[in-house]
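I have placed the structure first, in the form of structure tokens, so that the comments after it can refer back to it.
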Amino acid sequence: MSQPPAAHVPVLYTQVLEGLQVTENGTYLDGTFGRGGHARGVLEHLGPGGRLLVMDKDPEAIAVAEHTFGGDARVSIHRGSFAGLGQVVAAATVDGILLDLGVSSPQLDVAGRGFSFGKDGPLDMRMDPDSGQSAAGWLAQATDREIADVLWTYGEERQSRRIARAIVARRGEQPLLRTAQLADLIASVMPRGDSKTHPATRSFQAIRIHINRELADLEAGLDAALGALKPGGRLAVISFHSLEDRIVKQFMARYAKAPPSNRRLPEAQPFVPTLQLVSGAIKADDSELAVNPRARSAVLRVAEKLGMENRESGMGKGHGAAASRFPTPDSRFPTSPNGDAP
């Protein structure tokens, strides 16, 4: 299997294409185009009758897509979140869908996007810079409790309250407008430790997830993807942290496995699976990590939508599964051992 251009190295490239099982005349959707590494691989396997739809809410990614694939009649380009993919494709019409979650390497590498604590730039963090509130805008008006809740819920930051109090105190003296300002402030209030991870890592992740509604979009996108897939179609999702992966894993399991039965409850309708798990968690091997260290935290999961005949053969007793809920800052979490987290 050919490799993508060296200029951009998409994570788990070969595993994604194998998981999607791209066919010559199939219809595929890349819900997170980025710089098009996976999309190029799909196109290499499509014939003249194949079709590729690409989506991204980042205007820079859309510009790359139009420049790279604008002349290819097989490609349709749409700006927007994959949460709205149901508005782009009709139900049961797609053979494969890829969602490559989180922030892209180009977004991290450009200081002006405000995602990285390692590169000083405006404190923005929006994947769509034309929509919503920037990180600086939110931090300027959120209460210390709201900030602490976000840091704990989306970053699992044990020092969430301490950091939130420091942010509120500092903004009273001067506005927080730069990534370096925020990173230095967080580092100044964190306990000294031996961790090689930058002290602002969890906080930056949490604020970014909140600003972009990433987990809400993920749940909406998974539901939309299930409806858009044909029977036999494949859903491939790459996640980069435990919150994302938990949602993906639970979503796939909810539609693939009957929930545990309870002898004390009356017998329910038979459970009818909608998905079949193609793989467990797939991670990058050492050879990929040597070329692309950012793949270290990537986890790929693949599931296949079942046709009615396969669904009936997989029927089992069950009581149905309650709809999963992504974590929100309003959720109540246990207090951390140091008593600092909300």
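Placement of Cβ uses the backbone N, Cα and C atoms for every residue, glycine included.
Here's what Swiss-Prot has on this protein:
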BINDING   Gly36, Gly37, His38, Asp56, Phe82, Asp100, Gln107  S-adenosyl-L-methionine binding site
REGION    309-342  region 'Disordered'
COMPBIAS  333-342  compositional bias 'Polar residues'
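For the binding-site residues Asp56, Asp100, the ranking by surrounding Cβ atoms (within 10 Å, all protein chains) places Asp56 first.
Take Gly36, Gly37, His38, Asp56, Phe82, Asp100, Gln107, the residues named in the record as contacts for S-adenosyl-L-methionine: the widest Cα to Cα gap among them comes to 18 Å. Around the Cβ of Gln107 (S-adenosyl-L-methionine binding site), the same chain contributes Asp58, Arg113, Phe115, Met127, each under 8 angstroms and 6 or more positions distant in sequence. Cβ-based neighbour count (10 Å, all protein chains) for Phe82 (S-adenosyl-L-methionine binding site) stands at 28.
DSSP classifies Asp100 (S-adenosyl-L-methionine binding site) as strand under the three-state reduction.
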